[in-house]
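K.L.:
Mind looking over this structure? Questions follow.
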Amino acid sequence: MEPLFPASTPSWNASSPGAASGGGDNRTLVGPAPSAGARAVLVPVLYLLVCAAGLGGNTLVIYVVLRFAKMKTVTNIYILNLAVADVLYMLGLPFLATQNAASFWPFGPVLCRLVMTLDGVNQFTSVFCLTVMSVDRYLAVVHPLSSARWRRPRVAKLASAAAWVLSLCMSLPLLVFADVQEGGTCNASWPEPVGLWGAVFIIYTAVLGFFAPLLVICLCYLLIVVKVRAAGVRVGCVRRRSERKVTRMVLVVVLVFAGCWLPFFTVNIVNLAVALPQEPASAGLYFFVVILSYANSCANPVLYGFLSDNFRQSFQKVLCLRKGSGAKDADATEPRPDRIRQQQEATPPAHRAAANGLMQTSKL
């Protein structure tokens with residue numbers, strides 16, 4: 001099985017085993033023979049269900065951020081870009097479902113290249129947005145006053161734009177090499193040596209598109225926990241409740257993100273060292289880890305929306321579940337730039353250092 005992006009299908013080398021390590025001819029890598037029965041129907045149905053859930057949840061996030069003026073905070077700008085990336089990421093699933101149902105790619109080489117490139121761009125953008133959000137959370141919690149000059153909507157927009165541009169640059173190999181194979185599937189057609197190019201690509205995407213961002217995320221939240229624990233000792237029970245909320249958010253964000261993507265990259269990396277057997281179980285494993293990686297986009301509206309009181313109230317307003325004016329002011333950890341300046345002017349210098357350690361952090 002060749003390591004690939006989720007938008008492609010699991011592939012086995014049609015030539016000798018030597019081709020997997022760079023030797024042999026450059027014969028087409030084709031998908032596994034379609035399995036009769038439940039899987040041929042179940043996999044496309046699962047793809048479409050994940051697509052519907054992801055599109056619905058992330059579209060709702062986009063709408064409430066754009067609809068309510070008070071939702072346009074720095075953090076929500078990152079959440080908006082994450083939701084846009086997830087929506088575009090979900091749009092590739094109907095094509096993937098069709099290919100798996102029909103056992104070939106019926107949309108032509110141009111759309112194959114476009115879908116795989118967009119899939120790569122939005123995968124990277126989602127990870128980078130999550131990383132930038134974690135850095136922003138670190139600044140908001142650990143340095144709430146001194147970071148005010150950097151935590152502005154303009155800076156957030158520039159950082160988000162940089163994430164999109166960087167993602168496009170990192171996805172250029174897919175734009176260049178994605179094509180319809182002889183077997184009729186949409187895949188990456190690497191030049192000689194095929195095995196070396198494939199191995200370099202999967203290591204490149206795993207390190208820069210998963211493990212390095214995850215390391216940054218873990219470091220940011222570790223520093224947040226250290227800061228909250230240190231502050232919690234001084235401010236008593238209320239602060240300890242905030243500490244528990246931050247810790248819970250850390251666990252949810254890191255574990256769900258890692259849990260959804262780690263199996264996919266693990267399967268691909270293991271396959272570099274030990275070729276997975278050409279049997280239905282391997283194809284089933286691959287389909288499972290691909291669906292799990294897409295399911296992370298369904299979880300994002302829950303992680304970054306429903307755990308926020310402001311998002312929850314906005315969702316209820318939009319869905320007509322309650323009466324009200326929509327979102328309240330920004331989260332307590334998300335003071336608007338003008339409020340930060342007013343705080344700094346009104347707060348005596350002797351108390352500003354204490355404010356850095358005691359600012360409310362219960363709503364992330």
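Quick reminder: no glycine exception, Cβ is built from N, Cα and C everywhere.
As the structure is a computational prediction, the values presented were derived from the model and not from experiment.
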K.L.:
Per Swiss-Prot, does Ala69 fall on the same side of the membrane as Lys227?
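P.N.:
According to Swiss-Prot, Lys227 sits on the same side as Ala69.
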K.L.:
Tell me which of Cys112, Cys129, Cys260, Cys298 Swiss-Prot records as disulfide-bonded to Cys186.
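P.N.:
Cross-referencing Swiss-Prot, the cysteine bonded to Cys186 turns out to be Cys112.
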K.L.:
Specify the secondary structure state of Cys112 (disulfide bond) as given by DSSP, simplified to three classes.
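P.N.:
Cys112 (disulfide bond) sits in a helix per DSSP.
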K.L.:
Relative to the Cβ of Cys112 (disulfide bond), which residues of the same chain, six or more apart in sequence, are found under 8 Å away?
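P.N.:
When sequence neighbours closer than 6 are ignored, Cys112 (disulfide bond) has Trp105, Ala178, Asp179, Val180, Cys186 within Cβ distance under 8 Å.
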K.L.:
Residue counts in helix (H, G, I), strand (E, B) and coil for the topological domain 'Cytoplasmic' (136-157), per DSSP?
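P.N.:
The counts are 12 helix, 0 strand, 10 coil.
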